[in-house]
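According to TrEMBL, the protein carries these features:
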| type | residues | note |
| --- | --- | --- |
| DOMAIN | 84-172 | domain 'S1 motif' |
| DOMAIN | 188-259 | domain 'S1 motif' |
| DOMAIN | 282-347 | domain 'S1 motif' |
| DOMAIN | 366-437 | domain 'S1 motif' |
| DOMAIN | 454-523 | domain 'S1 motif' |
| DOMAIN | 543-612 | domain 'S1 motif' |
| DOMAIN | 638-709 | domain 'S1 motif' |
| DOMAIN | 731-800 | domain 'S1 motif' |
| DOMAIN | 1030-1103 | domain 'S1 motif' |
| DOMAIN | 1144-1217 | domain 'S1 motif' |
| DOMAIN | 1225-1293 | domain 'S1 motif' |
| DOMAIN | 1319-1391 | domain 'S1 motif' |
| REGION | 1-62 | region 'Disordered' |
| REGION | 1419-1440 | region 'Disordered' |
| REGION | 1493-1524 | region 'Disordered' |
């Protein structure tokens, strides 16, 4: 019975013994099997016997095995899937409501959450119905993980609108195992199931078989838990591979095992009697190979089944290693019962069921592969590719072309190369999936994983909903813009601003690839922000300034949100608003704000922020991070860099500057000097291509404009430019480009932003009718400066050829033509790489002068003809009638033609049929010889002509100059025209022409010098040779350059010897190339070859090696064969070459040049390895860094230390100082990056590191202002103290950076308390002044405290005096009093007696001195040795409350009289204090002036007092008299000072008052007025500045009062510039609106109406949503009588202000009209408002008030009559009746009063009658 309960706890039959079951089971199985087959095959056996059916079936299946056609090996496609088909899948992604399943052959499907199992669906329904959380309902992520293999059933295949197929799958056991029944279940079968219930002793499994209950004992699950490490409990809905362990009761009760070992060893056998209907994917079978083909393998298994294995699943062995008759293990992938097609796999990972597949990291997905080779092509499914790293990948048929029509199967031959992009990974096939579609390759974002918070993306509006707006970023990526983020302000009707399909630019707020959610913002401030992006708490460094938006405003402050759901708190005291202002009123949800980070705790995700960006304390604390640091690197004009094309725009290219990926823009007209070439470049360039040598033209507001114009680049490099207006001189010739064309002239812009005007009269030597006929915007021109206007900073230009062209017009026009054909060849090189364009390939193959065999396609009416031919398919080939040579041509005729011109933009080819051109004569020609020629064709940049003597084609430039752009019709060249030309080349180049120019008609008078530089490529023509690596050659030195030597090997071939290949051991500082002389015969060895065009060193196996410039070596070891140098062996690139150089290795390099822009030294290590030395690593001597170009000469040999490779992996980073890393005690040079007062220096160190030098490490001798001698950019020598990357500490002490100097160290380093001794005198800097004393820094790690009693012996009545005379950063000398190493405390003293220095509190202040009484009191205290009694004690604060101020009392004797004792007792309450200072409070108002008067008036008493104090023996009586006199004087002083009517008379009086109440702006303003009465303007300014520093930052209104007073002062006594400076400062420290309004009032009060009007207009732009601005401006205009201008403000205000403010503004403007403007207009405004809002009682009340003051009694009564007849609430009606009655009592008669009462009574009766009715 216990056994029964253990296996079937919910009931069941009695379990039989194992032996009995084994004997009985076969019989039961056989009976069940017989019945099942009988039921299934009954319909098929109506005409045939049962015994005949089985053999026939086997025979049919054998035929299928033997006869396998290629069609059977086709891969699975979405179209081949049908409902009910079973397939093995792999979990790819687990989402909240669905699973993404990877299917065989690169397919993908989805399993909805409702297709798991019935038990799981039941719990889902329960949760939806009750809306309550169901305890046992687990999310899909807990049940499934990526890599799990699942048996799936296809439940639907849907085709979308764009042709995409959506495959819906189910893993529900009732769908997967629907063909199984209880009779078909056998022991050892491997089926799939899901947990349906958790019981006490095990689990019930849903296997989808009706009437069968499957049970999994708990002990059988233990091994599964151990193997999977997934806890000790299975969850409902969990998918399992179930192995049938036991079958009972004819299959109605079965026992399951899920042991990993048993499941992995399960194999399907014939005994289990599988049929085609119930055969399951995932089963492992033993199969026999029937046939092996290139497409796959045919198998037979389970004696009666046939299946195929496609090429993707052949496993580790290749198909050629399989042979027919071989037995293999295979796994079933898919079963289609309808078509009887079975797919299997031989991959080993599938041969052990239950194994989890690995998953490729997502880093490779999205990569673009330029050269991928086709391995095999399958016409119905797709193609298999081999990527650059040898990885196999597959591309579906639909991804091989953009459209089905453009698909060309012939282009996918094995071995052909294609550009593709990796779009996905198929785990079940272990293959990458590719796409060759251009739109997918060019798309910036392929998946949600490619998008990061903070990125700017463009998309189109998809839909508008209540929650926000959906934006379509790509076809598969959609984002949501919440309603709050549609604009900077909340939009009520977003549909008016955005329309479906419109393009928007947004910034990513958050992106979650797992849930595929993308949140965007359209707030312009965030989208256009240049501040750093805050997307993680780790990035929130203190001092960081960035943009965020308010999500919540409460009493405690504001919560600001950033990117990636990062939130921070702005406390109320950091909001920057008034203390009374409520945060909810000052800020609104969604408001974009600029904040600064105060503190961040990334672990706790706590972020503290502030809106106060100008707080001085924050500026001091932001040492680690620069607050205004730019995230993007800035580029200066003239910097040359390579750029990568991101996107083609209509007017240019969006590019990024390499290697820093800085965004920039390259306008289309800046691609070339030639207008035609600009269009060609733009047409054939594509995204992702790299353009070399592009120059930075200008940078404005972070937007960088680039240029590729050779003329502009050469002008900047040759410094033929002007950088400032002061450099412009009349007569200068400058190269620029047309910025704008106006009817009156042309604006020409030059590099560095200068712009001049060429008037219409100076545009051309010809008459100018229309300025647009002569130039186009962006065109390159040469301009001559004619006149300069210094005052207006303007200058005029001339573009006339007579002014701008040189005398040598022939060479100038030839230079333009050569440059054009050079660029044309570069464009052809790009076109030739266009594998996707057959037209481009055809165009590149054609060149002028080439003969073609054509067929006449069409003869047009004008006599021209169109041709076709195999060599010009897809192109338009035409010839004009003049080129037929009188021949009559007919459609279909064949003709030989010669190409005259190829139009690469329009894909046209112009040909000629003339015999003289088809067969040109060969005749020797010489350069610069003159010949007659006939024009054959005129293109845009040049004309094609033929020499009369030979018939050879030549090209003639149409323009002789950049400015030569316009010709009258009579001057234009025409076909057939005869011209005289001068030949400039005698051989046709790649362009097919001889180049020539027209004979000059006249000479120019202006000569312009040209600098020509010959490079190696220009001096060395490409000559084919037969040299090989290692050959010995002999030649003559042709020329000697600093870093290389040219050697003439024969008449044509020239070789190159690099400086590193001359000597074996190069002495440092020498110039190796100087060892060779021109004309010297040398013997060298060939060590490589360099391609002239690409500058790359080619391997000897390269087909173009014989066309390279040979690289030679004359090193003795090389010549002897002791070393074999090979510059570029096979399969070697620059990155591999750099790997041989290890950090710290010392190499010899040769100076190439010093870049003043990049601040680095470029050197050559070898001929193919280059390096750079950063400025700080050039020398340990700071003098060298001032002028590096003077210390490093080209070709000089240097010893350098390898640091590593640069970011591009193409150059070495080197060091000339001997250091390659920054370790502790390393001495290096640094550059001062920032000087922070009272803190120290931020220093830029080599290798991109940053260090901090504190005040204590700037010098061995401390000075008062330690940072004064340093400036930003200064180079200093420093020693590394700590090598922490995050915060390096450095020292500038001479004892550190120059240990051998043995200089005097006045202030030694104090590393810890061990270096401090009691009684020692030390110097340091004040770190802070607090009520507990002065904190005094001895070093970075040791800070001591100076208690207040050890600061001065003087009695200080107010502690604020300490802050006045002791400031942070002050240098002091102190004496060590005590050291507590346990608590790390140091107590110091700065008393003059201890230090020997003057007191830091001046004695001139007149403070009381009690030193002698203090000594006497101490002496008495020490003599008695006990506590001082009450009448004779010296009061002092306890140690806990020690403030450093002693309270002194009179000394009394025991024998004093009772009278004096009682007096003392009366004074005790004032003296016995614990922490308060009652006595000091009485003294803190002492007037030092009055004290001095008292001292002068009683000189005799003072002398007597001094005499008595110095006398050793004095009587007690005299002492008492002296004390009484002092008390009386003190009482008189106190009475005088306590007089409230006393007014301050002197500056000292005001100092005393502001000292007592420093935050009172009234006192400070009175102090300023006191100085202004004496016309001491500067003193008044100083008082104002002092007040601004003294008043607490919390007292914002008090500070504002002082700012307003300072503005008034500057307005009355200062100049406008000083006023503006104060105004700008005030805006930074106060609310800008308040400051603007105060200045406007100041202007208006001082009758500066023009300035006030300008200021109000500025306010309307800046504070357009502040109603007070509109009201005050209207008030200003009306008071000045500008009524019409005031009337125009109201409509403008209503457009700018939010709707909630409209009524308020209308009311206030109407009131102003009544007071200062037109009352009728004000009345009209009120009438219009009340007609719209008749129930606004507040408006009625204001209207009535205004009419009572300014209107007639009749008008007032009319208004009252109207209002009392309104249907308002009874309370409001009562109010108006009451007012009406009061008005009549005041202005009316008794009858009028009665009439009002009657009306009121009538209203009451009418209201009371309503309930009765």
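Each Cβ is built from the backbone N, Cα and C atoms, and glycine gets one as well.
What TrEMBL says about a protein is an automatic prediction, not a curated fact.
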Is it the case that the domain 'S1 motif' (1030-1103) and the domain 'S1 motif' (731-800) have 3 or more CB pairs under 8 Å, with pairs at least 6 apart in sequence? no
Arithmetic mean of per-residue pLDDT over the domain 'S1 motif' (188-259): 86
Per the definition of 3+ C-beta pairs under 8 A with sequence separation of 6 or more, do the domain 'S1 motif' (282-347) and the domain 'S1 motif' (84-172) touch? yes
Contact check, the domain 'S1 motif' (1144-1217) vs the domain 'S1 motif' (543-612), 3+ Cβ pairs under 8 Å, seq sep 6+: no
For the domain 'S1 motif' (731-800), which stretch among 84-172, 366-437, 454-523, 543-612, 638-709 has the most Cβ pairs under 8 A? 638-709
Honestly, do the domain 'S1 motif' (543-612) and the domain 'S1 motif' (638-709) touch, with at least three Cβ pairs under 8 Å and pairs 6 or more apart in sequence? no
Contact ranking winner - 84-172, 188-259, 454-523, 638-709 against the domain 'S1 motif' (366-437), Cβ under 8 Å: 84-172
Flag the pair the domain 'S1 motif' (188-259) / the domain 'S1 motif' (84-172) as in contact if three or more Cβ pairs fall under 8 Å (sequence separation 6 or more). yes
The correct DSSP tally for the domain 'S1 motif' (731-800) reads 9 helix, 35 strand, 26 coil
When the domain 'S1 motif' (1225-1293) is classified with DSSP, how many of its residues are helical, how many are strand and how many are coil? 6 helix, 32 strand, 31 coil
